[in-house]
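Here is what TrEMBL says about this protein:
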{"type": "ACT_SITE", "residues": "B:LYS88", "note": "active site, charge relay system"}
{"type": "ACT_SITE", "residues": "B:SER163", "note": "active site, charge relay system"}
{"type": "ACT_SITE", "residues": "B:SER187", "note": "active site, acyl-ester intermediate"}
{"type": "DOMAIN", "residues": "B:29-484", "note": "domain 'Amidase'"}
Amino acid sequence: MTTTTQAAMDAAELMSFEDAIETFEPVLGFEVHVELNTASKMFSSAPNAFGDEPNTNVNEVDLGMPGTLPVVNGKAVESAIRLGLALNCTIAQRCRFARKQYFYPDTPKNWQTSQYDEPIAFDGFVDVELDDGEIFRVEIERAHMEEDAGKLTHAGTSGRIHGADYSLVDYNRAGVPLIEIVSKPVTGAGSRAPEIARAYVSTIRDIVKGLGISDARMERGNVRCDANVSLMRPGAGVFGTRSETKNVNSIRAVEHAVTYEIRRHAGILSAGGSIVQETRHWKEDTRTTSSGRVKSDADDYRYFPEPDLVPIVTTPQWVESLRAELPEPPAKRRRRLREAWGYAEAEFRDVIAAGLLDQIEETVAHGASPAVARKWWMGEISRLANARDVEPAVLGVEPATIVELNDLIQAGTINDKIARQVLELHLDGAGAPAQIVQDRGLEVVSDDGALAAAVEKAMAENPDVVEKVKGGKFKAIGALIGPVMKETRGQADAGKVKEIVLQKLNMNSS
Amino acid sequence: MAPTPDSLIRLTAAQMSAKLRTGEITSVELTQAHLDRIGAVDETINAFIHVSGDEALQTAAAVDASRAAGGAEAEQLHPLAGVPIAIKDLIVTKGQPTTAGSKMLQGWMSPYDATVVEKIRTARMPILGKTNLDEFAMGSSTEHSAYGPTRNPWDITRIPGGSGGGSAAAVAAFEAPLALGTDTGGSIRQPGAVTGTVGTKPTYGGVSRYGAIAMASSLDQIGPVARTVEDAALLHDLIAGHDEKDSTSLAEAEYPEGRIPSFAEAATTKNVAGLRIGVIKQLQGSGYQAGVLSRFQEALDQLRDNGAEIVEVDCPSFDYALGAYYLIMPSEASSNLARYDGVRYGTRVLPESGPMTIERVMGATRAAGFGDEVKRRIILGTYALSAGYYDAYYGSAQKIRTLIQRDFEAAFERADVLVSPTSPTVAFPLEDKLDDPLAMYLNDVATIPANLAGIPGISVPGGLSEGLPVGIQFLAPAKEDARVYRAAAALERLLNDNDEPPLWAQVPALEEVTR
């Protein structure tokens, strides 16, 4: 880099996003790493588990001990094929692993076993749904299998290996199966580039989650995105120099990082500078990127075919049987469910955001109406989950319980308010809803005599309300329900109360 | 009369096995006799890097106890139970150090056993210790060991071959009846040839490589070292088989008859009538010592006289085998040896001055931990795999490898087995070729093609030239290891009929020359 370029870079300020898009055409590219949730690692029998004591989920293979050999995890290969199919890729009939060689202490053998010129899946696409429902197609170049590296923790102020007082290495993650999904360059995104980036990563996450091949938790690094950004002048026909932003570990961060890089590139380019091809690190706190390793095409990983592994052969029968069992693509499923349930767009979006699509679908499958299912999950269950500081999906409410509660309401055995109490008791371990109702005598008062007496008492104590009702203000009956509930310790059915009031006044509500 | 310790160690492994079974001798006596022999001669020979006497005697005593218990416990003993063995120090052993002949792994203890070692332990063979080798198996003379050179029992001023000179010398000097070796380009067969012992490189995938410290993954194979063909076959039978920890190991179903044949049974062959033996045109003539060629010719005559059909086969691509080998082997080695960086295990050397960065610690460790030959091959391999050179070097070498495989296929159309001298020369003097790597590499010219093609090969003694052993190599198609045992066993018998006592018994009395 020349000094003038450096000076121009330093001097350059971020351009506003609007101006940047006005002046340049952004080109995006994504490398998404998906950590598989297989029981064991990619090439060893050690457990694939997150969060354990450092260097406990390792064996001699993971530590690259002399004499050890890798063995391919068949389940991981199956996951890779299924993901490849879900990304509309061609599945290679024969593919190999290769050694990607570089010296770094998080890599026990000083090479990463990956796939180079023979990926298991290639030439696919994924349709991404944007906020306004528009579909944008991202072409997939390849999806290949590889192993994760260990985790380094650098002590000292630098936060990097250089300048650290010392570095700690945990090889629990070394050898965890990964699939890297590489997109083709995404052009024509224009001002929607950040939104497309977010939607793309979100879609990939939903796909792997739907396939059940990964825990897909971005905060744990199960899905990691490297976002490439470059800018070109409209009509230039040649891509600009790209930067590769790593550690973008949330859906929102992908959008912010792409926005930031577009603005940064535009600032440098319009100040006469040039972009350095480099790795950049995303910093969530400042929502900026910072310069990492300068990367060039001259990086020489000395790839060669892994001689310790035999080629992987995928028979057409195997691939077709996996294709036949693929779940419905997330976008398609969402459209189908939204139509079937008749939710308003905003309602549906809230359900997605709350992560309750599966729960509601299952509740409906158990016999609840879509409206009832949504009312419970988005209402009381979300409230309880919030109070207990957990995600509603993992609160511990079974769809069958909701249906049981709803049946009790429909049968007039309990009312809504009691039902909420029952749910809370159920969560605290008091048993099944019907059992709780029976054990605690929570049935609605159905003894007409007792209820009629309570209503009469309430009417006698509230003559003004009775007058209003007589005058045709049926809504005023609500003011009588409270006292009746009090009298019956909450076990009255509001509809029934209304019926009795009208009966006594020789009126009907129709 | 009870055998004396000195006569015990001169038995074949098969004879030891028989005498143990009948109770004529005990494993403790047998093991102790070998430990005594090691104590007497190994200061001179330096075949062992580590001797594990206590462990060996414990195993021996346990075998003797099982034998004494009689009944099912005695009957279930493996035929080789109680027969001691030495293990090349490239093969990892739990509870004993494994150095690979390198300073890099000085003091390193493997946390696991190699699959072959598990099999040895299951068969309850006392492990005498770990044998010397060229560092990381890189060499043809065992002079490139960080633990000093091994000497040839036939002439202690000469090399025992390499890289498995320790295993071959131990067996030749009666320090062990059997040993394990590894063969990447001839490291079992060439030491066998120059020490008058038998060594087999099995079909690639025939024996699990799990726990054999890798030099070149696509070429390495573990195999048996012995004094007789039958003994080698007995050990081969024990270590052969599929291993789920080695993806490149062969399943039984992949063998011609859906099972791995008994090599010991193949080694009982007495005649060669009708056997078609192909003489490889490219593996004789110039570069081969006259004495070696004479013994080779005599062996052919013997085979022909006894009914074998001798044909000449042409393998033109063999002229490029050495060149291809010296690209593929260092390429894979440069990668396999990348793990020795001082971060996780083994030697760590800190830079003497300057900043203490991870790269500099790795650099200082590798500079101090590796010897010159290892560095030479790492540099060669790193270069061959570099961007822009890959196709010209590694890529071209792989094409030659394919051509060599085709040459073999064509040759095996015309012959059941192929034959050649194992090594172009007899054992050369120590330090003779230490400064001339290319001359050293030429020792493996006849053994390398089998590794490149993944086929089995054996070296069997073919007599002496100027008092030093000459080896004859038989090769067979992949998974037809039984054929090399048949041919080698037949030749062994033919030569021993004329030559009493057997060649391996003619090793000079080492005590007399011990210094």
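Glycine too: its Cβ is placed from the backbone N, Cα and C atoms.
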Sequence-ordered list of residues in the chain of B:LYS88 (active site, charge relay system) that lie 6 or more positions away and have a Cβ within less than 8 Å of its Cβ, or none, is B:LYS130, B:THR131, B:LEU133, B:GLY164, B:GLY166, B:SER167, B:ALA179, B:LEU180, B:GLY181, B:THR182
Spatial neighbours of the residue listed as 'active site, acyl-ester intermediate' that are distant in sequence (at least 6 apart) but have CB under 8 A
B:LEU133, B:ASP134, B:ALA137, B:SER140, B:GLY162, B:SER163, B:GLY164, B:GLY181
Validating a neighbour-count step here. Other CB atoms within 10 A of the CB of B:SER163 (active site, charge relay system): how many?
35
Conformational class of B:LYS88 (active site, charge relay system) under the three-state DSSP mapping
strand
Could you please provide the mean pLDDT value for the domain 'Amidase' (B:29-484)?
97
